[in-house]
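Taken straight from TrEMBL:
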type     : residues : note
TRANSMEM : 69-90    : transmembrane segment
TRANSMEM : 110-132  : transmembrane segment
TRANSMEM : 177-195  : transmembrane segment
TRANSMEM : 207-227  : transmembrane segment
TRANSMEM : 239-261  : transmembrane segment
TRANSMEM : 267-287  : transmembrane segment
TRANSMEM : 299-319  : transmembrane segment
TRANSMEM : 331-353  : transmembrane segment
Amino acid sequence: MLISNSDNHIVQTERKIEFQEEGGYHSGNISIYGKFLGRVNLSLELYQKSTNTLLTQASVNVRVIRGHGALNTAFTVSVAVLVSLIYINFGSALNWTDFIKYLKKPIGPAIGFVGQFVFMPLLSYGVGYALFPDDPAMQLGFFFTGSSPGGGGSNIWTALLDGNIDLSITMTGISTLAAFGMIPFWIFTLGATIFDRSNLEVPYRNITMFAVALVIPLAIGYLIQRYMQKTANFLRKTLKIFSGILIIFIIVFAIVANLYLFEMFSWQIVVAGIGVPWLGYLGGWLLAKIFRQNPKDSLTIAIEVGLQNTGIAIFLLRFSLPQPEADLTTIAPVAVACMTPIPLLVLFLIKLVKRRIQMKNKPKDLGTVNEISVDSKVVQTQKY
């Protein structure tokens with residue numbers, strides 16, 4: 001029997017195997033060694049040994065997945081718990097009065113919504129298709145990431161870069177609430193075309209359960225705000241730092257629990273990881289400028305549009321996709337999370353340098369004059 005392997009990087013097989021013929025039947029053993037996660041197709045051709053005549057041929061799909069170890073299980077559970085905590089914290093800390101106030105003048109939030117849930121899904125779809133034309137699983141990874149809501153430290157970066165923090169929090173609130181409907185919308189429409197190319201079923205049930213499940217922690221947070229005011233005040237003070245720490249924890253845990261991801265860091269992964277958030281910043285800024293927003297609000301909108309909540313993307317991928325796609329696609333939000341803060345950090349460093357230069361060039365304070373004495377002399381002027 002001759003065996004043809006569609007991808008030697010994923011599995012290793014013998015090229016030729018001798019089968020025993022007895023009573024018109026052929027029997028033998030085929031050894032397949034899994035080398036990496038993925039799916040491959042094996043083409044099998046059985047020949048009559050004496051005449052070299054093709055007797056039959058078949059195609060076998062082989063799937064290589066990871067064993068469900070304790071670390072992998074702990075990672076999946078921790079992501080679910082931490083995302084729930086983020087939504088509980090958000091529900092208890094959101095100032096609904098300010099939220100409604102901004103909705104009455106919705107220009108900034110509306111621009112952010114369009115950027116977040118129209119521009120970003122289309123951008124991530126295009127980036128995935130352009131860089132991974134023959135890898136639908138990777139297309140799904142970046143598309144899910146681009147379809148996720150904003151957040152993930154956007155409020156912190158807005159504060160560090162002197163943006164409009166009230167607008168940032170309002171946009172994060174709108175993005176978080178809109179995610180219940182917009183994530184399923186994009187996955188069931190544009191995302192369905194990727195599922196068709198990958199021969200995977202659209203996970204309607206899992207995505208719907210995901211959207212509904214997020215309502216529960218959000219409702220818990222709202223009840224805390226309503227009936228446990230002291231706790232809500234504490235959570236409101238810690239919302240920015242708490243959310244940032246949780247997102248960092250999820251990303252670090254994702255890397256530790258999935259070290260195989262580093263083997264997948266090709267140049268395409270790096271370019272896509274850069275392209276999605278950086279083009280998101282640019283797109284959000286341009287949208288803000290088109291609608292004549294001031295520099296402070298334009299910066300805030302750019303940050304909110306380009307900075308995705310990659311923790312939710314990781315949870316969504318692992319919850320809705322089968323193996324090995326659930327593991328393989330995790331590289332997409334991890335790559336985006338690694339590349340996202342770079343331009344923001346550069347802007348922050350530039351800001352610090354400018355501030356240092358301004359302080360250095362500022363005239364020295366000669367002290368405060370407490371008393372002024374005036375001489376009673378008459379000053380005479382002469383004309384020449």
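Heads up, residue numbers simply count up from 1 along the chain you see.
The backbone N, Cα and C atoms fix where each Cβ goes, and this holds for glycine too.
Remember, TrEMBL labels are computer predictions, not curated facts.
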Quick one: find which recorded stretch in 110-132, 207-227, 267-287, 299-319, 331-353 has the most Cβ pairs under 8 Å with the transmembrane segment (69-90).
207-227
Would you say the transmembrane segment (267-287) and the transmembrane segment (331-353) are in contact under the rule of three or more C-beta pairs closer than 8 Å, pairs 6 or more apart in sequence?
yes
Any residues 6+ beyond the ends of the transmembrane segment (207-227) with a Cβ under 8 Å from its own?
83-94, 176-177, 179-181, 183-184, 187-188, 235, 315-316, 319-320
Remote residues contacting the transmembrane segment (110-132) - C-beta distance under 8 A, at least 6 residues beyond either end:
138-143, 145-147, 149-150, 171, 174-175, 178, 182, 186, 190, 194, 268, 271-272, 275-276, 279-280, 283-284, 287-288, 291, 293, 301, 304-305, 308, 332
